[in-house]
Amino acid sequence: MGQCGITSSKTVLVFLNLIFWGAAGILCYVGAYVFITYDDYDHFFEDVYTLIPAVVIIAVGALLFIIGLIGCCATIRESRCGLATFVIILLLVFVTEVVVVVLGYVYRAKVENEVDRSIQKVYKTYNGTNPDAASRAIDYVQRQLHCCGIHNYSDWENTDWFKETKNQSVPLSCCRETASNCNGSLAHPSDLYAEGCEALVVKKLQEIMMHVIWAALAFAAIQLLGMLCACIVLCRRSRDPAYELLITGGTYA
């Protein structure tokens, strides 16, 4: 019965180590996705510390690949030292992922205030020229999120760009995709996106942070199972002389 439990634990442990390799790739992808998306929205969110969970999640992903390798070798070879190292590293990574989850929730709560403060500045500096990074960021967000202005398209009337152009129109990025003849004129509001960008940017950034949180939680649960199986094998190996002889190839006298 005990040997059956050991075999089952070892089988699950080897399978989990294979999952760790897949998890390593997924975590690195999630972290990279956060970096790429942040680059598109960085003008609306000035707190670079928001990227800390993404940096940690990429580091955890790289470490999980190494953990999977150590775990497979230690499990197959029945190495007590290897399994102990495996459990300790898994525990450290588990704690790190808990920290990622906490940081994720902290920064997710800060998103709304950060965006509200930053988006006002960005819209005020809009000048409609392609070389200007802030202007490109606004046009990109309005096209991607199908929005116009901070709260709605009327916000453009309070910008310096609108007052300087004096043509009673908003940027072409405010035009609906279905409005083929749209020139941004406020005289044809039905051609413009009605929803403001602030709420949608906040929603997008919070969704990104939730991807990090859920990824960390999911793989933390898998790591708990891995630690449990490794501990079962370790404890059985330490307490059962017969099992020790079976591993080393010895026999009873």
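Glycine too: its Cβ is placed from the backbone N, Cα and C atoms.
Swiss-Prot lists 1-11 (among others) with the feature topological domain 'Cytoplasmic', giving sequence analysis as the kind of evidence.
What Swiss-Prot records for 12-32 (among others) is transmembrane segment, and it gives sequence analysis as the kind of evidence.
Feature annotation from Swiss-Prot assigns topological domain 'Extracellular' to 33-50 (among others); the stated evidence is sequence analysis. Taken as a whole, the topological domain 'Extracellular' (33-50) shows an average pLDDT of 75 in this prediction.
Within its own chain, the transmembrane segment (51-71) is flanked in space by residues 13-14, 16-18, 20-21, 23-28, 30-32, 34-35, 38, 82, 85-86, 89-90, 93, 96-97, 99-100, 103-104, 107, 209, 212-213, 215-216, 219, 226, 230, which lie at least six positions past its ends and keep a Cβ under 8 Å from the stretch. Here Swiss-Prot flags 51-71 (among others) as transmembrane segment, drawing on sequence analysis.
The feature topological domain 'Cytoplasmic' is assigned by Swiss-Prot to 72-85 (among others), with sequence analysis given as support.
Per Swiss-Prot, transmembrane segment is recorded for 86-106 (among others). Beyond the transmembrane segment (86-106), the same-chain residues lying 6 or more positions past its ends with a Cβ under 8 Å from any Cβ of the stretch are 52-53, 56-57, 59-60, 63-64, 66-67, 70-71, 74, 209-210, 212-213, 216-217, 219-220, 223-224, 226-227, 230-231, 234.
Annotation source Swiss-Prot lists topological domain 'Extracellular' at 107-212 (among others).
As annotated by Swiss-Prot, N-linked glycosylation site applies to Asn127 (among others). A 10 Å cutoff on Cβ-Cβ distances gives Asn127 (N-linked glycosylation site) a total of 13 other Cβ atoms nearby, all chains included.
Reduced to three states, the DSSP call for Asn152 (N-linked glycosylation site) is coil. Residues or ranges marked as N-linked glycosylation site by Swiss-Prot: Asn152 (among others).
Counting only same-chain residues six or more apart in sequence, the Cβ atoms lying under 8 angstroms from the Cβ of Asn167 (N-linked glycosylation site) belong to Ser185. Annotation source Swiss-Prot lists N-linked glycosylation site at Asn167 (among others).
Residues or ranges marked as N-linked glycosylation site in Swiss-Prot: Asn183 (among others). Other C-beta atoms found within 10 angstroms of the C-beta of Asn183 (N-linked glycosylation site) number 13, with every protein chain shown included.
What Swiss-Prot records for 213-233 (among others) is transmembrane segment.
Per Swiss-Prot, topological domain 'Cytoplasmic' is recorded for 234-253 (among others), and the stated evidence type is sequence analysis.
Taking the C-alpha positions, the distance from Asn127 (N-linked glycosylation site) to Asn152 (N-linked glycosylation site) comes to 18 Å. Taking the C-alpha positions, the distance from Asn183 (N-linked glycosylation site) to Asn152 (N-linked glycosylation site) comes to 17 Å. The residues of the topological domain 'Extracellular' (107-212), classed with DSSP into helix (H, G, I), strand (E, B) and coil, number 65 helix, 4 strand, 37 coil. Counting only residues at least six positions away in the same chain, the Cβ atoms of Ala194, Glu195, Gly196 sit under 8 Å from the Cβ of Asn152 (N-linked glycosylation site).
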